[in-house]
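Below is one structure; the comments refer to it alone.
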Amino acid sequence: MRKWILVAVVALFVFALLASLLDYNLIGKISILLSFFMITFGIYTSMDKVKTKITHWLAICFGVFLWSICDALMVLNQDVLLRAHSSYAYLDVFFMLPMISILAGVSIFLYSKFAASQEKLAIIMDSISVFFLIVILIYGIFDEIDISSMINNGSNIVFLSIVAINFLILFITLSEIFTSSLLRIKISGFYLISASILFTMLNLFIFYSQISNVNFGHKIDFLYIVPFFFLMIGAFHLKAQNEYVTNTDKDISIGSKWLPIIIVLPLLLQEDLTSFSALISLFVLVVNAIVNYYVKSSIASRKILDYERNLHREMEKSMHERTNELMLANLRLQDMSEKDYLTDLGNRNFIVNELERMCKSISEDEEIAVYYINLSRFKSINTSYGHEIGDRILKLVAKRILEVCNRQEAIARISADEFIVLAKMEINSHTKRLNLGIALKDAIEKPIQIDRYHFGLKCIIGIDVATKNSTANPRNIIKNADMAMYYAKKNPALNPMVYSDKISNEMHLSSSIEIALKKANLQEDLHVYFQPIFDLKIEKMIYAEVFLYWKSEKFGLMEASKFMKEVNVNSDILNDICSLLVSKTIEYVDRWQKEKLLIPKISINVAQIQSKSEKFVLDFVSSLRSHHINPELFEIEFGEEIWTNNSKTLDKIFSILKENNIDVCIDNFGSGYTSFIYIRKYGVKRIKIASEFVAQASNSKIDAQIVSAIIDLAKAMKIKVGAKGVEKEEDIHFLKELDCNEVQGLFLSRPMSVEEFEDLVRQDPQMIAKV
């Protein structure tokens, strides 16, 4: 809109100019009036919703508006009603109102800049110089005019008042121009000052023409569009890039330097330089210039002195800070070897040394309980929410441990998510020892809120005991507590766990299982089993979940979930086992498809190690294609740890599955990293409630509420929901009440061998739901 206003005002200016040249007075005056009102509108709209203080612009806008009204009344009386000037002479008085409004605007503008400036004295001195310039200009104009006769003539008092107002405007605006090196003036302010000077000079020129009997009539009225146009452009900059045109740190304004010479020029143009008034004026100007120079020199000297003082102060401050930094660095170096930088607790070196010291100082009737604490879900939180959130969680955990312990306990953080507490107590204090472990666990597992995030940490605690007669060294005692912690991680019901020889034996068994697996003939010893999943509502088998069993000569028949957890996560054998499960399953499905045997959708549970990248999915799809098997016959089950992958990996995995119409189920839902946001984002078709909730739902009100809440949320999101671990009839009744019909468990059917599963589907194909 501003563009069209600019174009319109320029066009009206051209019309007014042509009308003036061609003596079309009425057309010219109408064009001028229209331009005035459009300029007023442009200024007003530019001030709308401007955040800066614009009181001076309101006064300017009001002045332009009043000028437009006065000019409109003048045209109405002069050119429309054709009345004599004497009948509307009062309008000459009204024209003072817009000038007063503009005077108020430039005065407010100068005052605001003066109040914000640090160099008020220099501004005052420059303003005094401008005042002398204005006085000399007035003297030059009125030197040959009989002022007393004009004052005696009542009609000329109005003109003299107008002249006085315009000289005040000129004084203020010139003060702003010549002190611009000290005032911070923006582009809008520059246009305001320039327009005000043009407006004033135009008024004074017309007045001087009238008293000099040079009558232009209304030939030059169109020139008033120019200063008002400049005001409008300045107002437009209020909403645009209204940058500063002056800088107080750089003396870019040369006006104040040349001001004394500018003042002298009007005196030099006078014919009689020897007159008393001219000599007095020159004397005053010289005195003003000397004082002005002295003031500015004092200000400059003060600035240099203040700068040197500030520089000296900064150097002293810097030296003091450097000294403090060196002292702190020395203290840090002293503590670094035994302090954890994040939590201010001890580190591994500290706790080992402290345990060694405590073992030497304890008496026969005392023991030292070593608590090895692991935060089981911390790494996934740290990966998903970032290290800043993770660090804040660790600090809060450290604080909670300190609150449980007293000054007799020693505490350390020995790794990213592991802590150790050493507590001295009476020997054989089994209850006290266990109670402290439970207190630590309960304190750490309290809900955590950081900003808008809520977290539920789980911790596993292993305990070992050192006495006066212990033969183990401190590092072995800590190792035993660590071993107890790992045992508790595999057996959550035993958390916290006290170390015993049984744990050591079972850990040895785990190693034996891993060694036996590495030696086994996996192709012959690993067997695929299928467990039906039923829909209670339609009483049909809707899925069959694939399980892997190992027939070992030494350990007997073991389900994969039992022996795979004994294998090192980084071991290559895990990949071999997972790949064998998939390849054997596809071979069986291929054979059944060729035999045209009706089977339900096959659900393959993907191991955590396989869900770390999209490679498993690509290999799986490639194998299906090589056997010409429809991918829709399969469903992929991921554990909740799938969501710990980065978004790029997740996008690739789910994109490949979606392209091949392979449904996704989230297994053991609620036992790990639960996120309905990811489920909705990646179009998960089904979730399977963790068996630990289902098994306890009939006896535990909390577990029942959790199961009910998961089912309600899944239904609200239009996601299929199933339950696993159904082992008794009460579970069936409970799930039916909640309208959860997809179930699996030993109560309905155990996992079957390939032969048993084939016999089942051959004997009763009607029980199979079509894929």
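Heads up, the Cβ atoms here are built off N, Cα and C, so glycines get one too.
Not measured: the values here are computed from a predicted model.
Per TrEMBL, domain 'GGDEF' is recorded for 366-502. The DSSP breakdown of the domain 'GGDEF' (366-502) into helical (H, G, I), extended (E, B) and coil residues amounts to 63 helix, 42 strand, 32 coil.
Positions annotated as domain 'EAL' by TrEMBL: 506-765.
Packing against the transmembrane segment (26-45) from elsewhere in the chain are residues 1-2, 5, 8-9, 12-13, 15-16, 18-20, 57, 60-61, 64-65, 67-68, 71-72, 75, 79, 218, 221-222, 224-225, 228-229, 231-232, 235-236: each is 6 or more residues past its ends and has a CB under 8 Å from a CB in it. The transmembrane segment annotation in TrEMBL covers 26-45 (among others).
Counting only same-chain residues 6+ beyond the ends of the transmembrane segment (57-76), those with a CB under 8 A from a CB of the stretch are 26, 29-30, 32-33, 36-37, 39-40, 43-44, 47, 88, 91, 94-95, 97-102, 104-106, 108, 188, 192, 221, 224, 228, 231, 235, 238. The annotation transmembrane segment is assigned in TrEMBL to 57-76 (among others).
Annotated transmembrane segment per TrEMBL: 88-111 (among others), in sequence order.
Marked as transmembrane segment by TrEMBL: 123-142 (among others).
TrEMBL lists 157-178 (among others) with the feature transmembrane segment.
Here TrEMBL flags 190-210 (among others) as transmembrane segment.
Residues or ranges marked as transmembrane segment in TrEMBL: 222-240 (among others).
What TrEMBL records for 252-269 (among others) is transmembrane segment.
Look at TrEMBL and you will find 275-295 (among others) tagged as transmembrane segment.
Residues 56-57, 60, 99, 102, 105-106, 109, 141, 159, 162-163, 166-167, 169-170, 172-174, 176-177, 216, 220, 223-224, 226-231, 233-234, 237, 245 of the same chain lie 6+ residues outside the transmembrane segment (190-210) yet bring a C-beta within less than 8 angstroms of a C-beta in it.
Residues 55-60, 62-67, 70, 73-74, 77-78, 155, 158-159, 161-162, 165-166, 168-169, 172-173, 175-176, 189, 192-193, 196, 199, 203 of the same chain, all 6+ positions outside the transmembrane segment (88-111), place their C-beta atoms under 8 angstroms from a C-beta of that stretch.
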